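Written out below as structure tokens is the structure these notes cover.
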Amino acid sequence: MPRAEAMLRRVEDLLHALGCTALVVVAVLINADIISRVVGLRPLEMQFELTELYLMPSLATLSLARVFRDGGHLALEVDTPSLLGPLWPVVRRLVLAASAAFFLTVAYVSGRHAVEAFAKGSIEFGVIDWPLGWAYLPVPVGTGLLAVRLLVELVKRGAPSALATNTGGDINEI
Amino acid sequence: MLSLAILVIVLAVLMLVRMPVAFAMGIAGTAGLAIQIGTRPALAVLERVFIDTTASFILVAIPLFILMAELLTAGQVTRRAILACQAWVGHVRGGLAVATVGASVLLAALIGSSTASTAAMATSAYPEMRRHKYNDRLATAVVSVGGTLAVVVPPSIVLVVYGVLTETSIGKLFIAGIVPGLMTALGISTVIKIVSHTTDYAPRGEPFRLGHALRASRHVVPMVLLIVAVIGVIYGGIASPSEAAAFGVMGALVLGLAQRSLRLASLAPSVSTAVRATVMIVTIIACSHIFANYLSFTRVTQDLLSAIEGSGLPAYAILSMMVLVLLVMGMFMDQLAILSLAMPLAFPAAMALDFDPVWFGIVVTKTVEIGLITPPLGLNAYVAAGQSGVRLGEVFRGLTPFIIMELVVLTLLIAFPQITLWLPGLMLGRG
Amino acid sequence: TDLRLGDFQSTTHIVSVNGTQKWMKDVEAATEGAVTFTHFPSEQGAKADALLDAVANGILDVALIQPFYTSEKLPLWSIVGLPGFYDTADRGTEALQAMIDEGATRDELLEAGVVPIFAVALPPYQVLSKAERMGALDAWTNKNIRTSGAAQALIARSLGGAGVSMPGPEVYTGVERGRLDAVLFPLPSVPGYNLQEVTQHISTNGSFGGSLLMLVMNKDVFEGLPEDEQKVLLELGAETARHAAKVQDDAQAKLADEWAAAGIDIYTFSDAELDTLNEAMGAVRQDWLDRIGGRNKDAAPTMERYTSLSAN
Ligand code: NA
Ligand code: NA
């Protein structure tokens with residue numbers, strides 16, 4: 001189990017690094033576009049499509065599992081655990097199971113969508129041809145890994161007091 | 001209607017057992033869709049909703065604003081702005097607290113994230129106030145309430161999300177936020193003055209020294225330059241508001257490196273924080289689309305609208321009801337979750353009552369933003385408490401007079417729409 | 001039968017009033033209530049670019065779609081975005097109605113799981129500019145032109161300008177603040193964005209790409225209807241398309257008069273100017289033939305047919 005956890009962590013960190021790279025690329029691209037406009041060069045016509053089709057989906061979904069691990073998904077701050085007492089670990093597992101089922105479904109149907117796009121060679125007709133399979137790919141990857149993370153939390157021995165979510169104290173909200 | 005009631009209860013229960021808000025909306029929404037239009041079509045909704053939500057250029061403003069705030073704090077830019085403001089107003093009682101409000105306004109003109117702004121101020125303004133023997137209640141309250149300015153004063157993530165959800169012009173919303181934002185800052189300063197003179201929360205001021213004030217002002221120059229540059233690229237026609245956020249990130253980076261206060265090593269954590277926050281926010285937006293999609297198939301919007309039209313209630317009575325509901329939601333929920341949950345219902349209703357979409361956006365933003373400083377879930381208070389180590393109860397106690405002031409400002413904005421609308425009318429013309 | 005009809009337009013849009021809603025009302029009356037509709041306007045049923053899938057998947061039964069939003073599923077239909085074909089909505093609609101009735105363009109829709117009910121052309125895109133008329137190629141050189149979609153970006157480029165993609169709500173500020181020098185827009189849609197307030201020159205006889213709206217129905221649902229009802233849907237569809245086209249052409253003429261009275265320079269290109277512009281934009285047609293044709297053997301015959309259908 002610890003080895004599986006370590007491997008999962010490594011994959012989560014890798015995808016998160018990819019998401020971070022996407023953000024850096026977005027910032028660089030937009031600035032390059034602005035600067036080229038200011039100095040009177042041709043604007044980067046592909047900046048908009050590249051950002052919208054590939055970079056935004058990547059930076060918004062690849063880190064889903066990592067964010068859950070860090071307790072970054074916002075949840076209500078209610079003292080349900082002490083209210084439910086000994087029932088809480090059971091309820092918590094049910095919550096994790098339902099969440100895992102949801103994201104497995106999302107990963108499956110959106111993955112099918114992506115595979116279809118690859119198989120058909122779907123493109124978005126732009127100034128250049130944008131292959132859509134790659135645009136669709138980050139969603140099933142990100143949600144799929146989140147489902148795996150939820151399942152791992154589910155079978156973990158010993159329940160942490162909360163649901164691996166927090167509601168403040170971290171600066172990464174809003 | 002019965003299934004809708006059950007679904008809403010399911011949603012509430014899921015949130016009460018601490019399922020993340022996004023997951024709860026996604027699961028309840030999918031279940032609702034399956035009941036309403038069938039399982040296969042419901043799965044077809046799931047197939048596209050994440051890609052359709054995330055493949056959106058306008059959303060890039062969110063990670064970019066947060067990244068900018070991270071870089072400004074890491075680069076000490078905010079702390080220097082506070083010191084400069086203090087040099088000018090530090091001689092009055094509560095002067096440092098007022099200076100913090102001034103610095104919050106400056107910061108708000110750059111970033112659009114309330115929690116990001118609170119965090120930046122909590123790590124820079126709170127230690128200063130503590131050093132000057134300010135009471136913890138006042139110090140943390142000023143930091144929390146000052147943070148809310150970031151979503152009213154443009155640019156603003158909440159206004160971007162409102163604009164995206166309701167297809168209202170983001171440029172106009174931004175301009176409309178300026179006067180209400182400054183009004184709020186004035187309100188906060190007034191409360192500080194009253195608290196300072198009626199309690200011993202704030203120390204006496206230090207003597208004013210012009211030379212010192214002038215010297216300290218140098219430190220605010222870079223920040224003002226950055227603000228002018230960011231606003232300049234928008235209104236100089238060089239970049240759209242979302243693109244300007246990227247320009248601000250570069251500016252913050254250059255500023256921090258030029259002042260040698262930002263180390264390249266702190267870049268990676270800043271980017272990581274911005275991405276994590278974005279993932280959380282976008283997941284809420286995507287899952288709320290699932291729930292909103294379900295709501296539209298129940299036709300509850302149309303039913304509610306016709307009920308409202310048939311009720312014969314005056315428009316302002318209906319608006320007051322909506323604001324009250326949003327305020328109550330704000331006690332328990334995060335502002336983006338409220339927006340995405342409530343706007344599919346509230347916005348068409350408000351439009352049917354002939355309210356101005358820009359004005360309504362500012363009223364809604366102001367309303368949900370009050371929720372950031374009210375218990376039990378008040379994100380800004382949480383952040384201020386977390387960063388300062390002051391107990392949460394103390395922070396909320398200190399916030400009480402500020403919450404009352406916020407309600408007064410909100411009432412004024414509702415009673416006098418021209419406060420909000422005259423500036424956009426002046427700058428952008430009619431329509 | 002009650003049918004769920006999804007739509008991305010608001011209920012006040014000219015094509016919604018004179019097209020979609022008119023058709024629903026007419027069908028309900030003609031079938032004496034045997035077919036009724038529940039309308040989900042303003043993307044309530046599905047997002048604009050998800051409407052085709054929503055109908056194919058049964059989320060909705062009927063939808064008004066913009067085929068360019070799903071050009072990966074309907075590549076042949078992207079031909080309507082090309083410049084220099086039809087000159088009025090009326091003439092364009094005649095061509096499009098023929099293209100949904102038979103041929104590779106109809107097969108493409110059936111393949112995607114939907115049956116076309118009607119297709120209506122929008123008046124061809126015109127150019128709205130700030131500083132000067134856009135008749136000469138010089139006027140386009142290195143200008144920032146707001147375009148929507150691939151074909152238009154290529155149009156701007158073929159004329160020497162740069163295509164700028166910008167979300168609809170930001171266009172007004174973009175023009176006003178000078179980020180944009182000109183905008184390609186169908187004139188009846190201009191008031192919705194108040195672009196007449198910020199531009200000084202508006203062309204009326206250019207053909208900077210076309211556009212269309214199409215009403216489609218889930219194939220199984222359509223085939224499940226009795227034959228006489230199917231016939232009613234299609235006949236009223238053809239009638240509605242023609243009506244909606246005419247209303248738009250009239251609206252364009254009326255708007256042009258209003259704007260001219262308000263002091264805006266409303267102008268027509270001379271034949272020589274049109275020839276110059278169309279010749280430059282010929283590159284866009286060739287590009288379409290190369291790229292779509294490289295993947296789809298029906299592209300070249302479709303262009304031949306569309307050319308003859310929309311010819312003056
Ligand atoms: Na702001
Ligand atoms: Na609250």
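Heads up, the Cβ atoms here are built off N, Cα and C, so glycines get one too.
Range B:402-423 is the one annotated as transmembrane segment, of B:6-27, B:402-423 (source: TrEMBL). Most Cβ pairs under 8 A with the transmembrane segment (B:216-238) among the ranges B:50-69, B:105-126, B:138-162, B:174-195, B:402-423 are made by B:105-126. Just going by CB pairs under 8 A, the stretch in B:50-69, B:138-162, B:402-423 that sits most against the transmembrane segment (B:274-292) is B:50-69. The highest tally of CB pairs under 8 A with the transmembrane segment (B:138-162), across B:50-69, B:105-126, B:174-195, is held by B:105-126.
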